[in-house]
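Record features, source TrEMBL:
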DOMAIN    23-287  domain 'NADH:quinone oxidoreductase/Mrp antiporter transmembrane'
TRANSMEM  59-79  transmembrane segment
TRANSMEM  91-115  transmembrane segment
TRANSMEM  149-166  transmembrane segment
TRANSMEM  178-196  transmembrane segment
TRANSMEM  202-221  transmembrane segment
TRANSMEM  233-257  transmembrane segment
TRANSMEM  277-305  transmembrane segment
DOMAIN    290-344  domain 'NADH dehydrogenase subunit 2 C-terminal'
TRANSMEM  325-346  transmembrane segment
């Protein structure tokens, strides 16, 4: 892809997300979502491949349907309340429809079916953009209208997302599909707390994005897309295997890694607000996700890919892909748990 075309696409992505995050008018926020959707389509279809084209069409149709529902919700709310302000969505029907539309955009269950299929058919870096950057704009809208949202609908969507995100990834062998189901589960964790404490949603989103970026950068660096291909990584590049090991455990929410922090605070907040049953469901669903990641860790560290070579160690090859962000992202996604008292103090 031409550098100038790539610059235009990335600028459009930044513009769309910024427009949605900073706007106070519903039409401007909707325009930002549309710019975001249209900007990522060329990234998904490059290089040109029938599978990538199919994924791009699936993504476009799904996002166009969600955008249509957003627009219908906006117009209905303006008709009933004569308000176009972003935070003023007081009509019950408009609020319900907006919640469903944003759930489709975020890939929350039961509207999650497009996420694994689209992620599987596109390149690694495009999948990384889809599962990280593309979540920011819809989540910012959900964050801003959270006081008006229906808690019962959000709780149902969140519990379904965490359960189906865990169950769906158990039988997968493709790493992109596993990370897609991981995204669905993490979106459920963010959604269940957004009406009680939106700050926890932002914390969870930031840590999830950092950990997912680390994993995708590592997979792109090693050109690995399947679990069976990752079995040779321990002998080929031990530091990369350790980074993947730590990041997966962090995504699973295992202490003493960074990923434990948002799950711990969310469960604590749910119990403090007399939602102990929901906290139990969320904690049990976290075990499903942890088992999902442990399968990859087992393949990474405890198995060896069959080889006819007598030497266990591979010849070192100079790496040409950029690795400058990986150490920083690894530290952020794995070693921030000691800062948890600071987050708690800032919260309270």
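Placement of Cβ uses the backbone N, Cα and C atoms for every residue, glycine included.
Here the listed stretches are 91-115, 149-166, 325-346, and the one with the most C-beta pairs under 8 angstroms to the transmembrane segment (233-257) is 325-346. In summary, the transmembrane segment (178-196) lies against the transmembrane segment (91-115): three or more C-beta pairs, each 6 or more positions apart in sequence, are under 8 Å. Outside the transmembrane segment (202-221) by six or more residues, the chain places 124-125, 127-128, 131-132, 135-136, 139, 143, 175, 179, 182-183, 186, 189-190, 193, 240, 243-244, 247-248, 250-251, 258-259, 261-263, 265-266, 319, 321, 323, 325-326, 329-330, 332-334, 336, 343 with a CB less than 8 A from a CB of the stretch. Proximity of distant same-chain residues to the transmembrane segment (91-115), defined by a Cβ-Cβ separation under 8 Å and at least 6 residues beyond the stretch ends, is recorded for 33, 58-59, 62-63, 65-67, 69-70, 72-74, 76-77, 80-81, 135, 138-139, 141-142, 145, 148-150, 153-154, 157-158, 160-161, 163-165, 168, 180-181, 183-184, 187-188, 191. Mean pLDDT for the domain 'NADH dehydrogenase subunit 2 C-terminal' (290-344) in the predicted structure: 71.
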